[in-house]
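*Asks:* There's a structure below that I have some questions on.
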Amino acid sequence: MPIGAVVLSPDGTPLASARNAREELGDPTAHAEILALRAASEIYGDGWRLEGCTLAVTLEPCTMCAGALVMARIAKVVFGAWEPKTGAVGSLWDVVRDRRLSHRAEVAGGVLEAECAALLEDFFHGQRGNRTG
């Protein structure tokens, strides 16, 4: 899937980026957000706290990724296309802004939404066209 994520430092410097590698790695946790958080954590902060950092991603994060964003203490989440089936940053759930949790992030959703949605639609259209049978 054409999902990419980047973690930015508090001053806006890119720290790490990743793409969805779930199929490639055979790993259900290899979402772009998780891989970008892991890479950024290796070079920034105390090994896991990404306080003050921003994560930008093509598609609204799922519950697993939203939970990881809270645990990493990401300050802001920016995403393109909304995900009404599995979105956990405002669509189905709103994990990153849940007042019951110890950390909450600012959210900017729908940024370049049409462009991000078009990437996903083109990808899935191509997948359907490649099926045989």
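Including glycine, each Cβ sits where the backbone N, Cα and C put it.
So TrEMBL lists the following for this protein:
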| type | residues | note |
| --- | --- | --- |
| DOMAIN | 1-92 | domain 'CMP/dCMP-type deaminase' |
| BINDING | His31, Cys62, Cys65 | Zn(2+) binding site |
| ACT_SITE | Glu33 | active site, proton donor |
*Asks:* Kindly report the helix/strand/coil residue split of the domain 'CMP/dCMP-type deaminase' (1-92) according to DSSP, in that order.
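*Replies:* Once the DSSP states are binned, the domain 'CMP/dCMP-type deaminase' (1-92) shows 25 helix, 24 strand, 43 coil.
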*Asks:* To the nearest whole angstrom, state the Cα distance for the pair Cys62 (Zn(2+) binding site) and Glu33 (active site, proton donor).
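*Replies:* The separation of the Cα atoms works out to 10 Å.
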*Asks:* Take the Cβ of Cys62 (Zn(2+) binding site) and count every other Cβ within 10 Å, whichever protein chain it belongs to.
*Replies:* 21
*Asks:* With every protein chain in view, how many other Cβ atoms are within 10 Å of the Cβ of His31 (Zn(2+) binding site)?
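*Replies:* Here the count is 25.
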*Asks:* Find the average pLDDT over the domain 'CMP/dCMP-type deaminase' (1-92) in the predicted model and report it.
*Replies:* 95
*Asks:* Rounded to the nearest angstrom, how far is the Cα of Cys65 (Zn(2+) binding site) from the Cα of Glu33 (active site, proton donor)?
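*Replies:* If we compare the Cα positions of Glu33 (active site, proton donor) and Cys65 (Zn(2+) binding site), the gap is 6 Å.
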*Asks:* Within its own chain, what residues at least 6 apart in sequence put their Cβ under 8 Å from the Cβ of Cys65 (Zn(2+) binding site), listed in sequence order?
*Replies:* His31, Glu33, Ile34, Val57, Ala88
